[in-house]
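Peer 1: Before anything else, here's the structure in question.
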Amino acid sequence: MRARRGFILLLLLAVLCSTGVSLRCYNCLDPVSSCKTNSTCSPNLDACLVAVSGKQVYQQCWRFSDCNAKFILSRLEIANVQYRCCQADLCNKSFEDKPNNGAISLLGKTALLVTSVLAAILKPCF
């Protein structure tokens, strides 16, 4: 009975962890009106980008380590850019909006996971 309960707990944790990893970003290139298209980023793209060059607006999934002007300019093949990268779901709505703090959200999920695992491990001891 105890082994079965442990297995169910591990299965539940695996499901919860896998659903919390995927980042969602707005994904539009120069929308005519407000961007409403969003997509789930692949695991190697861990940030959302909003970049503005003149009237051109780019909103897409991005790699946070590549979030610098030099890389963005070369990748998007543009001459100048204002940009912002953020790491929370749908945080790249527009350039003017303040981003949500994805780091706090990630820290909270990690703390919850660690607490749950420790509780499951220590429960048989008490």
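Note that the numbers count up from 1, one per residue, in the order the chain is shown.
Note: Cβ is positioned from N, Cα and C throughout, glycine not excepted.
What you see is a predicted model, and the numbers here were worked out from it, not measured in a lab.
Pulled the feature table from Swiss-Prot, pasting it below:
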type: SIGNAL; residues: 1-22; note: signal peptide
type: DOMAIN; residues: 23-110; note: domain 'UPAR/Ly6'
type: DISULFID; residues: Cys25-Cys48; note: disulfide bond
type: DISULFID; residues: Cys28-Cys35; note: disulfide bond
type: CARBOHYD; residues: Asn38; note: N-linked glycosylation site
type: DISULFID; residues: Cys41-Cys61; note: disulfide bond
type: DISULFID; residues: Cys67-Cys85; note: disulfide bond
type: DISULFID; residues: Cys86-Cys91; note: disulfide bond
type: LIPID; residues: Asn101; note: GPI-anchor amidated asparagine
Peer 1: Of Cys28, Cys35, Cys61, Cys86, Cys91, which disulfide-bonded residues come within 10 Å of Cys48 (disulfide bond), going by C-alpha to C-alpha distance?
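Peer 2: Checking Cα-Cα distances against Cys48 (disulfide bond), the disulfide-bonded residues within 10 Å turn out to be Cys61, Cys86, Cys91.
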Peer 1: Are any of Cys41, Cys61, Cys67, Cys91 (the disulfide-bonded residues) within 10 Å of Cys25 (disulfide bond) when you go C-alpha to C-alpha, and if so which?
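Peer 2: If one measures from the Cα of Cys25 (disulfide bond), the disulfide-bonded residues that come within 10 Å are Cys41, Cys61, Cys91.
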Peer 1: Can you tell me how far the Cα of Cys61 (disulfide bond) sits from the Cα of Asn38 (N-linked glycosylation site), in Å?
Peer 2: 9
Peer 1: Let's check the environment of Cys35 (disulfide bond): how many other CB atoms sit within 10 Å of its CB?
Peer 2: 19
Peer 1: Cα of Cys91 (disulfide bond) to Cα of Asn38 (N-linked glycosylation site): how many Å, rounded?
Peer 2: 11
Peer 1: What is the nearest of the recorded positions Cys35, Asn38, Cys41, Cys86 to Cys67 (disulfide bond), using the Cα of each?
Peer 2: Cys86
Peer 1: Tell me, in order along the sequence, which disulfide-bonded residues from Cys28, Cys85, Cys86 have their CA within 10 Å of the residue listed as 'N-linked glycosylation site'.
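Peer 2: Within 10 Å of the residue listed as 'N-linked glycosylation site': Cys28.
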Peer 1: Rounded to the nearest angstrom, how far is the Cα of Cys28 (disulfide bond) from the Cα of Cys86 (disulfide bond)?
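Peer 2: One finds 16 Å between the Cα atoms of these residues.
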Peer 1: Per 10 Å Cβ neighbour count, which of the disulfide-bonded residues Cys25, Cys61 ranks highest?
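Peer 2: Answer by Cβ density within 10 Å: Cys25.
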Peer 1: Within 10 Å of the Cβ of Cys48 (disulfide bond), how many other Cβ atoms are there?
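Peer 2: Other Cβ atoms found within 10 Å: 30.
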